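Notes follow once the structure below has been shown.
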Amino acid sequence: MTHVKNICCIGAGYVGGPTCAVIAYKCPDIKVTIVDVNAIRIAAWNSGRLPIYEPGLDEIVFARRNKNLFFSTEVEKAVNEADLIFVSVNTPTKKTGVGAGYAADLAYVESATRGIADVAKSSKIVVEKSTVPCRTAESMRTILEANSSDDIRFDILSNPEFLAEGTAINDLLYPDRVLIGALQTPEGLNAQKALVEVYAHWVPTERIITTNLWSSELSKLAANALLAQRISSVNALSAICEATGADIDEVAYACGRDARIGPKFLKASVGFGGSCFQKDILNLVYLSEQLNLPEVAAYWKQVVDLNEYQKKRFVSRIIKTLFNTITNKRIALLGFAFKKDTGDTRESAAITLCKNFIQENAKVRIYDPKVSSEQIYMDLSEPGIVDNTEEVKKHITITSSAYEAADNTDAIVIATEWDEFKTLDYEKIYDRMNKPAFIFDGRLILDASKLQNIGFRVHTIGRAAI
Ligand code: NAI
């Protein structure tokens, strides 16, 4: 059996970076090199200020960097030295061409695979870490096999990543499960064992699930679809709550106490964001359509549609409450990341909210503890939102505290569930706001009756106004 001694990870992003840093941390006997074509990102990984924010990540990286953990742009060299290569590149939704808007863009996976095939001088285990459509491993295998020879063979595994941003390090150190799919051939099973051995350094073996390649690939899409479906289900119920006087937190709690349902992932919100849920469901929708399963495609598509509806519904509630116009009104948007404890803004609900506020000519004051001003300008300057940064700057002000954001505003909108928003001095904030002062809690994190006692008019997702 192969014993892995040298790992290369292609893609130093939100997945490749933390995942392989934890492998290096837990496997001091293995050399781990994380490579990327993005030199700025690699320089940041090699600096005192890492390119992504994750609680606990700095400690892990600083403990192993330049010992058995390396970050480099020398892709070819790292590939050649490695006996196992993770492909952890981005797989965004295709923007143009066949399947645009649904299918995953596999250009980066293919380019990484071809890169491996072109330069490898010894046998490699190639591991799909990126989230990909079911049977992508087949295309990768075809490319790799076309380049294998008597003395160089490539074995391919699927090892999807289940970490959640914001809790990535904890998820990696104590995973619910690690999934490793392989071709059911002696060589495939041998490669699977080699990767099991890597994870077994710290993951109890009963938590390491081995399956065939296609089950492993589909399980990742399925897990994300099921998680997003729970959120859309609870968000659909939140609309009923607002119209009836039921309280979504109480409903979710009562339902979650049923052991068959369970309490997790039942929090209503302004809508899910992040780089994965929407992309992976659309990918599943596309796959279902390709398999001529239109009813299945429509079923999963509804999860994404409901998410869009939830964001629109929240914006409509805000405008309606603010006397049907927000033109020239000042709105404080608290939170811009797609969830707490991350600086990632990909598909963040805050972007949609902000875009709508800008279109209505409101003046938006934004505060987020981890997202940089440049990132906010970039997200809002994308074509289709507002054409350029100068135009965006006319509508938004980025502040360095929640208090500053709330100054002289008509309304506060909570877009991200950062803990610090729970403990702000709301009396102080109230005093500095225009009256009547409104709070729209899109994350259900605030004590509505306390705020009401201060004088706020409070609107919470999934509850009638108080
Ligand atoms: P990312 O965009 O943060 O990182 C991908 C990196 O790959 C980029 O830095 C890019 O420059 C690099 N890259 C692309 N092609 C390359 C090539 N040929 N050679 C070298 N570097 C190359 O993406 P992220 O978020 O890390 O996601 C990676 C994959 O993991 C995606 O398929 C995603 O769906 C999946 N995933 C993401 C999770 C998340 O929470 N972000 C969780 C689980 C899976």
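Quick reminder: no glycine exception, Cβ is built from N, Cα and C everywhere.
In the three-state DSSP scheme, Asn90 (NAD(+) binding site) is classed as coil. Here TrEMBL flags 11-16, Asp36, Arg41, 89-93, 130-131, Glu165, 276-279, Arg346 as NAD(+) binding site.
If you look up TrEMBL, you'll see 161-165, 220-224, Arg260, 267-273, 338-339, Arg443 marked as substrate binding site. In the three-state DSSP classification, Asn224 (substrate binding site) falls within a helix. The Cβ of Asn224 (substrate binding site) lies under 8 Å from the Cβ of Thr131, Cys276, Phe277, Asp280, Ile281, each of which sits 6+ residues away along the same chain.
Annotation comment: TrEMBL describes Cys276 as active site, nucleophile. Cys276 (active site, nucleophile) is surrounded by 25 other CB atoms, counting those within 10 A of its CB over all protein chains shown.
According to TrEMBL, the domain 'UDP-glucose/GDP-mannose dehydrogenase C-terminal' annotation covers 332-448.
Counting residue by residue with DSSP, the domain 'UDP-glucose/GDP-mannose dehydrogenase C-terminal' (332-448) contains 41 helix, 19 strand, 57 coil. Ligand 1 lies under 6 Å from the Cβ of Gly11, Asn90, Cys276, out of the recorded positions Gly11, Asn90, Cys276, Phe338. Of all Cβ atoms in the protein chains displayed, 23 besides its own lie within 10 Å of the Cβ of Leu221 (substrate binding site). Within 10 Å of the C-beta atom of Gly11 (NAD(+) binding site) sit 27 other C-beta atoms, taking all shown protein chains into account.
According to DSSP, Gln278 (NAD(+) binding site) sits within a helical segment. In this structure, the C-alpha atom of Ala164 (substrate binding site) lies 21 angstrom from that of Asp36 (NAD(+) binding site). Taking Cα separation as the measure, Gly11 (NAD(+) binding site) is nearest to Glu161 of the binding-site residues Glu161, Leu221, Ala268, Gly271, Phe338.
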